[in-house]
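S.K.: Before I ask anything, let me first share the structure, which is written out below as C-alpha cells.
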Amino acid sequence: EGRVEVYHAGKWGTICDDQWDDRDAEVVCRQLGLRGNPKALSWAHFGQGSGPILLDEVQCSGNELSLDQCKKSDWGQQNCDHIEDAGVSCDPFTGTDLQLFAKGTVRLAGGRSPSEGRVEVYYNGDWGTVCDDGWTDRGAQVVCRQL
C-alpha cells in the first residue's frame with residue numbers, strides 16, 4: 001500500500017485522485033503483481049508527493065492490465081495539488097475473510113489430496129464446516145495462506 005506514482009518521460013510523478021476509485025486500485029494492484037482487496041485512497045492518505053502530478057481523471061473499468069489502458073487525462077494535464085495524491089491498498093488481509101479464520105485453526109477434509117477438500121474450522125472445542133454463502137477466491141486464498 002502507498003501513494004501511487006508513475007514514471008513517464010524520465011520523471012516520477014503522482015496521480016490526482018479525481019475520479020479515483022476501487023476499479024483504478026484493482027488495475028494498480030494487478031499491474032504490480034499484487035493480489036488482495038484493492039482499495040482506492042484519496043486526499044494524500046499516504047502523504048503528499050513531490051514533483052509533477054502526471055495523471056488526472058483516471059477512469060479504469062477494472063479489467064485493464066495497466067493504467068496505460070485506462071481512460072485518463074493526457075500526461076501532465078491536471079488541475080490538482082499534491083493534497084489530492086491518489087493512493088492504493090492491495091492488502092490481502094482486508095475485509096471479513098481474515099476475521100472469519102483469525103480465531104480458529106483451519107483444515108481441509110474429504111479431498112483427494114492434502115491440498116484440497118472441504119474447509120473446516122476448529123472453534124470452541126469442535127470442528128465445523130464453513131458455509132459457502134459469499135465464499136470467494138479471496139476466502140480460499142486466506143485458507144491456503146493459513147495452511
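Just so you know, glycine gets a Cβ as well, placed from its N, Cα and C.
According to TrEMBL:
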DOMAIN    1-91  domain 'SRCR'
DISULFID  C16-C80  disulfide bond
DISULFID  C29-C90  disulfide bond
DISULFID  C60-C70  disulfide bond
DOMAIN    106-147  domain 'SRCR'
S.K.: Please work out the helix, strand and coil residue numbers for the domain 'SRCR' (106-147) from the DSSP assignment.
M.R.: 10 helix, 16 strand, 16 coil
S.K.: Can you give me the Cα-Cα distance between C90 (disulfide bond) and C80 (disulfide bond) in Å, rounded to a whole number?
M.R.: 24
S.K.: Hey, what's the Cβ neighbour count for C29 (disulfide bond) at 10 Å?
M.R.: 22
S.K.: On the 0 to 100 scale, where does the mean pLDDT of the domain 'SRCR' (106-147) fall?
M.R.: 82
S.K.: Long-range same-chain neighbours of C80 (disulfide bond), Cβ under 8 Å, sequence gap at least 6?
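M.R.: Residues satisfying the criterion: C16, D17, D18, I53, D56.
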S.K.: Might you list, by sequence position, any residue in that chain lying six or more from C70 (disulfide bond) with a Cβ less than 8 Å away from its Cβ?
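M.R.: Residues satisfying the criterion: D24, V27, V58, Q59, C60, S61, E64.
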S.K.: Taking helix as H, G and I and strand as E and B in DSSP, count the residues of the domain 'SRCR' (1-91) in helix, strand and coil.
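M.R.: Tallied per class, the domain 'SRCR' (1-91) gives 16 helix, 24 strand, 51 coil.
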